[in-house]
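**Q** I am attaching a structure below and will ask some questions about it afterwards.
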Amino acid sequence: MIKVESISKSYQATKALNRISFEVTQGELFGLIGPDGAGKTSLMRILMTLLVPDEGKASMSGLDVVRDYKQIRQLVGYMPGRFSLYQDLSVEENLEFFATVFGITIAENYELIKDIYVQIEPFKKRLAGKLSGGMKQKLALSCALIHKPEILVLDEPTTGVDAVSRKEFWEMLKKLQQQGITILVSTPYMDEASLCDRVALMQKGEVMEIDSPARIVENYTRTLLAARSDNMNRLIQDVRNWDEVESAYAFGQFIHVTPKRNEMEAVELEKFLMTQKHEKLQVNEISPGIEDVFMALMKEKE
Amino acid sequence: MRTIRYILQKEFIQVFRNKTMLPMIFVLPLVQMLILVFAATYDLRNVDLYLVNQDQSATSRELVGKFEASPFFRIYDASFDLKDAESSFKKEEAEFVMIIPPGFERDLVREDEAKVELLINAIDGNKASLIYSYTLGILSRYNKEVIAEWKSLPEFNPPHRIEVKDSYWFNPELDYKWYMAPGILAILVTIIGMFLSGMNLVREKEIGTIEQLNVTPIKKYQFILGKLLPFLVIALFDLAFGLIIARLVFDLPIVGSLPLLFGFAALYLVGVLGLGLFISTVTETQQQVMFITFFFMMIFILMGGIFTPVESMPEWAQWLDRINPIYYFMRIMRMVVLKGSGFFDLWEEFASLTVIGTVFLGLAIWRYRKTAS
């Protein structure tokens, strides 16, 4: 459905995308995961025909993004990272406007957006600029869907949205996927990666790994230890200074530690920390999540 | 068709929802017509005259009386001493000093010739030349009277005399307001056209809506038309509004055909709006649009012949004016409103504006990209 073949794009001296390749199959929910500046937006803008790549080829539903951009615009729905609807038009007027420029009426495709739109319908006379973050996002999704696209491209749809709305939003995406829409979504949140069928982990314009979230985690065989004490600042310093440790990051209330030896056990770390006079120590071995894998891959690349 | 209609509808909704737009549409013509037309006048009234009458004869007093009676001059002060006059002149109290030397009457009687000296403050060159010509008018009229009075004997009547009789056509009372009002209206229409359209388009860039719009199958011409037509309509509305004010307040005669005037205005606006839109396609923020548009506006307006006649500009400037849309529109406004010119009198302006409009609008459509490079 989406095919990207060694796409490169530079802005002056900065290389935003470096020979990126991947494929998204029909009906898949595919995630581009990576921090700010990884090149997610540039890639999406190329796929949305808003940006011309320097090198490489890409196609959406078999149509070339450079040559057939006109047809692509008919069959792809796009939700940019920044809220891009008319703030001075009402909810209803926005939807009506985007339906009209696609040459259709709201009624024709109402079925597709019904589940989402009913939630904001009580506010349909309200100006889009006066909506809450979650509602804006639902309106933007409705507008991106109104022409019944085959492919939906969402650029960081959940950035700046509260936890409840984020969860709801992913449920909506799952429902759309069940209706056969291929979805490409980008996010800087690692926890959202596990909600995708497959993900591409991106960093500095390159794809580090492409697989299902479960497989990515499975393929990661390093031991991971979690530690906490009463003085976390000193703890992370001490852990990082220990020769036996390869890396350590703060993860919520714990520090995730990757030892150099895979055979190291929690007790060993605990013993070392006790010599450093840490109190209320708690050290366990844990199974890594996708975020741990990402951190490890990032470190590896550097 | 449905798309264009809806795009227009959307633009109008946005214009009328914008809280600064509606007052602008009504206040701008009112302020421009009621303040600027009066302020930009070249009419001369009550110039302060310092009189140094060293003759003190019946004749010189009669001459002074002519100046006193004139609405253009006001005797600020009088003295026998030239030094008083000079100091007043230097302090910028009096704008104009007239010196009638001793023996004025005697010279006039004996030698048929007498001299009067004038000192005019020429910091404002326009005003100085106006003062000079008004003074000359009074003096020559007085001169004729003297000739008629003293030399009424038949043998002194010169057999051949060329009499210059002037009459001003199309603006018989030389009312500057009639001359300025069409010019100010042309500026008004230009401001509305150039600024509003350009600012509106670049705003879509600033708030990011253009990104969403660009991924729709909306056509370039539909988009540009959607940005052009609403402001064309608003500008024409303001032209009508301004003309009504001018008619009611200054009694401006509208000699020519109104449909012709509005037809030309629409043609002119296509060019100006096109330029505004072109500017907005090469800029990223409203601030940039403001600066660039202002730059063009200043040049167009000052070179357009609103305040100074184009004929007195250097040749290269006159040549440059061929690509200045305001120059043509200014002529059209004045010629249609004051003179009643018809289409065939203005075919050159028509042709030029058509070319300018096509070029500017073409540039805007060509430069508007739905894809970034």
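FYI, residue positions are counted from 1 along the chain as it appears here.
Cβ atoms are placed via backbone N, Cα and C, with glycine included.
The transmembrane segment annotation in TrEMBL covers B:21-42, B:178-196, B:228-250, B:256-279, B:291-310, B:350-368. Residues annotated as domain 'ABC transmembrane type-2' in TrEMBL: B:136-371.
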**Q** To the transmembrane segment (B:256-279), which of B:21-42, B:178-196, B:228-250, B:291-310, B:350-368 is linked by the most Cβ pairs under 8 Å?
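**A** It is B:350-368 that shares the most Cβ pairs under 8 Å with the transmembrane segment (B:256-279).
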**Q** Mind checking which residues of the chain, 6+ beyond the ends of the transmembrane segment (B:178-196), have their Cβ under 8 Å from one of its Cβ atoms?
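**A** Tertiary neighbours of the transmembrane segment (B:178-196) are 21, 25, 28-29, 32-33, 36-37, 40-41, 171, 231-232, 234-236, 238-239, 242-243, 246, 250, 252-253, 265, 268-269, 272-273, 275-276, 290, 293, 296-297, 300-301, 304, 306-307, 326, 329-330, 333-334, 337-338.
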**Q** Please report, as numbers and ranges, the same-chain residues at least 6 past the borders of the transmembrane segment (B:21-42) whose CB is under 8 Å from any CB of it.
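**A** Distant Cβ neighbours of the transmembrane segment (B:21-42) are 15, 126, 130, 176-177, 180-181, 184-185, 187-188, 191-192, 196, 234, 237-238, 241-242, 245-246, 249-250, 307.
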